[in-house]
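See structure below.
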Ligand code: V47
C-alpha cells in the first residue's frame, strides 16, 4: 500500500525537513540550502517519497526507455581526464578507430532491430579535422533518414569550434543542417572549477559546456544534461551544479532530461571508491525535487546497475535510457552492468518496479506502451 502525504509527514520528526516537504507538497521551489540539507539528511525514505511525488505529477506511472545504440567512433583522446578509463593516447595498444563502413553497419543492425536513435560520442582525436564530425552525421542521415542522431557532447562541439575557428552557433548550425537533432549530456562532469581542475583540467570548462547547451537550445536543438558524482566533489559542489542547470533551464527550457552519473573508479588514474546505493538514490531523488523545471530524470542502468535503477524508478526517476547494445565508457571503468539489454528485459525491469513501460523516441514522444 502506498504512503499518503499525511502518513509521510507522520514519519518526519525533523522540523526543517518537514518545512522542505511542505514546499514540495505545495509545488514551491526548494532553495540551494534546502537541497544541501537534504543531502546531509539520513531520511532517505522520506526524500524518496517526496521525489516520487514530484515525478508522479510530471510523468504519472510511466517509466520510459528507448531502443537505441551507442556508438563510440574512437577512444583516442587528447584530454586524458583522470576520471576516465575509456580515452587513450593514439599510441596506446587499446586505441581504436571505427571506419565509416563499421559505423553504418552498426546503425543498420540497430535499424533492423527497430532502433531509431543513435547516441554517438567519442574521444577527441588529435588527427580529426572539423569536416569529419559533420560528414559522419551526414552519412548516417543519408543512409537512415528516420534514425535520430543524438551526437557529440559539448566538449566535442567546443573542440570543433576551436579547430574550425567558427562560433558555437556556426558549428551547431552546420551540424543541424547535416542532420544532428539532439545533443547528449556527457562532458558536464562537475561544474565547480576547483573539482574540475583536479579531474578534468584540460577540456572545456563549465561556462563553455553551458554556453554550448544554451546555443543549441536557441537553435532549437534539445539537449540532455549530466553530472558525474562520487569522486572529489563536495555536496556543496553537487548543489551548485544542479543550480546552474536549473538557472539555464529557466532561461531556455531546452533540456529534456537530467542524468546523474555515478563514478566508477576501476582503471582510472583518479582511483577512489564506488558510490553507495544510498548516495545514488539520494542524488536521484534530490535532483528530481530540485530540478523542478526538468521534465525527466534518468536512472542510467549502466552506472547504477539494474537493481538500484529499478528502485530509482520509485525515487523520482522516470527513464532508464535504452537498449544501448555496446556501452564502452563506463565498462572501461568497471561497471558490472550488461553491455546492452533487450526490449523484453527493460520492459520486465520496469514492470517489476511497479511502473508502466513506455517505449519513447529521443524527444520523449510515446512509441509504444507495454501494458
Ligand atoms: O561524459 C566517464 C561519464 C559520460 C566515467 O545524454 C564516467 O542521454 C562513470 O554522458 N565512471 C558519458 N561515468 C555518458 C553520458 C550519457 C550516458 C547515457 C545517456 C546520456 C544522454 C549521456 O560518462 C562522460 C562522463 O561523464 N564517465 N568516465 C567513469 N569512470
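Easy rule for this one: first residue shown is 1, then count along the chain.
From the backbone N, Cα and C atoms, a Cβ is placed for every residue, glycine too.
TrEMBL lists 63-292 with the feature domain 'Radical SAM core'.
The [4Fe-4S] cluster binding site feature in TrEMBL is assigned to 77, 81, 84. Annotation note: residue 77 ([4Fe-4S] cluster binding site) sits in a coil segment as assigned by DSSP. For residue 77 ([4Fe-4S] cluster binding site), applying a Cβ distance below 8 Å and a minimum sequence separation of six or more within one chain yields 84, 86, 87, 88, 89, 122, 123, 124, 125.
What TrEMBL records for 83, 189 is S-adenosyl-L-methionine binding site. Following the DSSP three-state reduction, the secondary structure of residue 189 (S-adenosyl-L-methionine binding site) is coil.
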Distance, residue 189 (S-adenosyl-L-methionine binding site) to residue 81 ([4Fe-4S] cluster binding site) (CA atoms, angstrom): 11
Filtered binding-site residues, from 77, 81, 83, 84, whose Cβ is under 6 Å from an atom of ligand 1: 83, 84
Integer average pLDDT (0 to 100) for the domain 'Radical SAM core' (63-292): 97
Surrounding CB atoms that lie within 10 Å of the CB of residue 84 ([4Fe-4S] cluster binding site), all protein chains: 24
Sequence-distant neighbours of residue 189 (S-adenosyl-L-methionine binding site) in its chain (C-beta under 8 A, six or more apart): 81, 83, 195, 196, 199, 200, 226, 227, 228
Cβ packing number for residue 83 (S-adenosyl-L-methionine binding site), 10 Å threshold: 22
